[in-house]
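These notes are about the structure you will find just below.
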Amino acid sequence: MAETDSGERSEQATPKRLKEAREKGQVARSRELTTAMLLMMASVSLYSFSSSMGTGFANVATRAFSPDRKNIFTSNQMIASLGELLGDVLLSVAPFFLLLFSIALLSPLLTGGLAFSSKAMAPKANRMSPAKGFKRMFGMHALMELVKALAKVSVVFLVGYLVIIQVFPELIQLGQGEAEAGIGRAMDLVTRSFFLISLSLLVIALIDVPYQIWNHAKQLKMTKQEVKDEFKDTEGKPEVKGKIRQMQRELAQSRMMEAIPDADVVVTNPEHYSVALKYDAIRSSAPIVVAKGVDVIAMQIRKVAIANDVAILPVPPLARALYHTTEIDQEVPHGLYLAVAQVLAYIFQMKSYRQGKGLRPKELDELPIPDELKY
């Protein structure tokens, strides 16, 4: 059972797996969306450029069927005339095809974004494997592609059939009028057909895009063992370890600063060391160190204490002893009980005095700190 669980791809791809897949060119793509966008923009382009293209085609047709007599007697003149006609045709359709080319490049960015990979173009032996070739031909992916292809053909055929039935009378009359008017009308019919077909293909694309995103995520899923192996691999790198330690320090420092407003006193060196103490008789049997630091962090502790009206008491020997012997959220050592008790008693008496509830306490004498705890 454990082997089955570890071999099942049930875990979402990690950022590292997604990055590696993108580097290999494996991103979610929908060719149906590209096709629909191309046809839709083609219809918009034809509508926008139909006037200029129709005029250009009409001029080319007029010149082609009414040539200058002096240009038809030598091959060089004929070739030159044909070259001019071809150039005019290209100029007429250039804006249309440039816009389609731009859409063909940009539409894939809607799903998967920009991803260029030389690895995807490199030859691979497994692509030449007959067994894997048959698997690709008859797999689920091939079946879905076949279903989409049949759907596209059916939709295009149905829409095309309905459009032809609707415009058939107009098609018959196209050759009965002037060339320029006929070409303009033909452009309108083609534009309408492209737009209707693109709308129908867009419906298929709206179904295909979520499927491609889901299928891509499914293909990149990992087993629990792969996730564990990747974590071990990345965790072992020095830069990753350093980043983790840095994040842990920042998190611990953030929590430490949040605990200072509830402290009873901050004992200091007075500049290099700062240790915040809190005594809660319900939670613990001895005072607890809720924050400590040296230099810059010590200064930050003092700033937070001042901002929150927490008493600050310069007691260098005790501050150094607490810093070196006690971790955050730990009770003070037994050897420092008496010294810490005198400090807390002094602070509590001073608070009462400032509130007008008692006498001013005497200044602290030298605190009793054991020699083995002096730093």
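Cβ coordinates are placed from backbone N, Cα and C, and glycine is handled just like the others.
TrEMBL does not curate its annotations; it predicts them automatically.
Positions annotated as compositional bias 'Basic and acidic residues' by TrEMBL: 1-11 (among others).
The annotation region 'Disordered' is assigned in TrEMBL to 1-27.
Sequence annotations record features per position, and here TrEMBL assigns compositional bias 'Basic and acidic residues' to 17-27 (among others).
Residues annotated as transmembrane segment in TrEMBL: 33-50 (among others).
Among the features that TrEMBL reports, transmembrane segment is placed at 96-117 (among others).
Listed by sequence, the residues of this chain that lie at least six past the ends of the transmembrane segment (138-164) yet keep a Cβ under 8 A from its Cβ atoms are 32, 35, 171, 192-193, 196-197, 200-201, 204, 208, 211, 215. Annotation source TrEMBL lists transmembrane segment at 138-164 (among others).
What TrEMBL records for 194-214 (among others) is transmembrane segment. Residues of the same chain lying 6 or more positions beyond the ends of the transmembrane segment (194-214) and with a Cβ under 8 Å from any Cβ of it are 28-30, 32-33, 35-40, 42-44, 46, 110-111, 144, 148, 151-152, 155-156, 158-160, 163.
Per DSSP, the compositional bias 'Basic and acidic residues' (17-27) is made up of 7 helix, 0 strand, 4 coil.
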